[in-house]
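Reviewing the structure listed below.
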Amino acid sequence: MVKAVVVLSSSEGVSGTVQFTQEGSGPTTVTGNVSGLRPGLHGFHVHALGDTTNGCMSTGPHFNPAGKEHGAPEDETRHAGDLGNITVGDDGTATFTIIDSQIPLTGPNSIVGRAVVVHADPDDLGRGGHELSKATGNAGGRVACGVIGLQG
């Protein structure tokens, strides 16, 4: 089993930890707990770069090795990094589990060394009709991020 972790941070008081586990060539299980967000849905994506020198802005676009349009996690046409939304409760906390087959922890399309980004707004899953829907899900600003690192 391969394990990875990201510690999310921000200048806006958002924090959290996200764990990734993958058994063999099976899907990757993502479990997380994020706090300090406003209640509601927030876009949750793997971005292409693990560069946080300019905060979350330098993490690049969504991880998209196949060159597809943005979509929902269950869509055939989607960026590999499109993990949809996390749901934040009235207490400002989101606890979630996602199982996804397009974010491996090993191999040429590994997400290790890339960044996880939590966005300010809901991801419209490419269906919102906004000019940014097919690129970013119109999920708004980047409120927290961190680099995915291997765990022992």
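Residue 1 is the first one shown; counting continues down the chain.
Glycine is treated like the rest: Cβ placed from N, Cα and C.
The annotation Cu cation binding site is assigned in Swiss-Prot to His45, His47, His62, His119. With a cut-off of 8 Å between CB atoms and residues at least 6 apart in sequence, the same chain places His45, Val46, His47, Ala48, His70, His79, Ala80, Gly81, Asp82, Thr136 near His62 (Cu cation binding site), listed in sequence order.
When other Cβ atoms within 10 Å of the Cβ of His79 (Zn(2+) binding site) are tallied across all protein chains shown, the result is 27. Under DSSP, His79 (Zn(2+) binding site) is assigned to coil, being neither helix nor strand in the three-state scheme. Annotation source Swiss-Prot lists Zn(2+) binding site at His62, His70, His79, Asp82, citing similarity to another entry.
In this structure, Cys145 (disulfide bond) is part of a beta strand by DSSP. All protein chains included, Cys145 (disulfide bond) registers 24 other Cβ atoms within 10 Å of its own Cβ. Sequence annotations record features per position, and here Swiss-Prot assigns disulfide bond to Cys56-Cys145.
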Cα-to-Cα gap, Cys56 (disulfide bond) vs His119 (Cu cation binding site), nearest whole Å: 10
